[in-house]
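For reference, the structure is listed below as structure tokens.
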């Protein structure tokens, strides 16, 4: 009987920790930009009320779609806003990400008339200017692995450029798909490593501007991080990422306690798993 009670407690612990891991992975904050040049608004004004309404609506709508845009107010009190979740995340993850983003953008850009916030799974933006169909690549943010591509990955730079160029062209044909402009491709090279390529544009861009946005984002990403295991750039209108970190040819994972490294997204899962395993044996007295 005592053992059964202990197992029940451990199961509750496991599911709680697993939920925390999932939320942590999906809600990784990348950057927040509060645009000072657009001016400020005063609290308790009509613009402030319209902004609060817009952010609340975006948060609610993220339960039903991976993309949504909205305009509230009239004249100088008009606020335009949108959110975009990465095409492969589910609605639960999208909603959690957008909910956090709307809270944080309001908290960190308290009186700014324009701001944008990026997470790994989503972005949220608002402005007093209409921006939906405009091509923009700034402000952007990128993250990358701390570990370089192994020397055995022959001609990686050229292969990355060629493959991403192909994926960008294919994605421009997906303007009317269920998830517009989103495309993920996995290609194996030399039976040695897999290259996962992901691109996505804001649905309001036309195919030409989507292609241009992705090419400019790729150019910036390869210049900064083209020799890393993985890299990811998020711009106001598109995103580009590549990943080889799941390749079977890579050496064993480094110790999870290594701080300050983003080499492998998900190291925390390994650490939590180890802690949970130790807890099980200790709790049961094994």
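Yeah, the Cβs are placed from backbone N, Cα and C, and that goes for glycine too.
Annotated domain 'Gnk2-homologous 1' per Swiss-Prot: 29-131, in sequence order. What Swiss-Prot records for 137-247 is domain 'Gnk2-homologous 2'. Summarising the annotation, Swiss-Prot assigns N-linked glycosylation site to 35, 40, 44, 60, 69, 90, 100, 108, 209, 246 and lists sequence analysis as the type of evidence. Sequence annotations record features per position, and here Swiss-Prot assigns signal peptide to 1-20 based on sequence analysis. Positions annotated as topological domain 'Extracellular' by Swiss-Prot: 21-265. According to Swiss-Prot, the transmembrane segment annotation covers 266-284.
Of all Cβ atoms in the shown protein chains, 16 besides its own fall within 10 Å of the Cβ of residue 35 (N-linked glycosylation site). With the fewest other Cβ atoms inside 10 Å of its Cβ, the least crowded of the glycosylation sites 40, 209 in this structure is 40. Closest by Cα distance to residue 44 (N-linked glycosylation site), from the glycosylation sites 35, 60, 108, is 108. For the pair formed by residue 90 (N-linked glycosylation site) and residue 60 (N-linked glycosylation site), distance between Cα atoms is given as 15 Å, rounded to the nearest Å. Annotation for residue 100 (N-linked glycosylation site): spatial neighbours 27, 29, 119, criterion Cβ-Cβ under 8 Å with sequence separation of six or more. A strand conformation is recorded for residue 40 (N-linked glycosylation site) in the three-state DSSP classification. Applying an 8 A CB threshold to same-chain residues 6 or more apart, the list for residue 60 (N-linked glycosylation site) is empty. Cβ neighbours within 10 Å of residue 108 (N-linked glycosylation site), excluding its own Cβ and spanning all shown chains: 13. Regional average pLDDT for the domain 'Gnk2-homologous 1' (29-131) in the model is 96.
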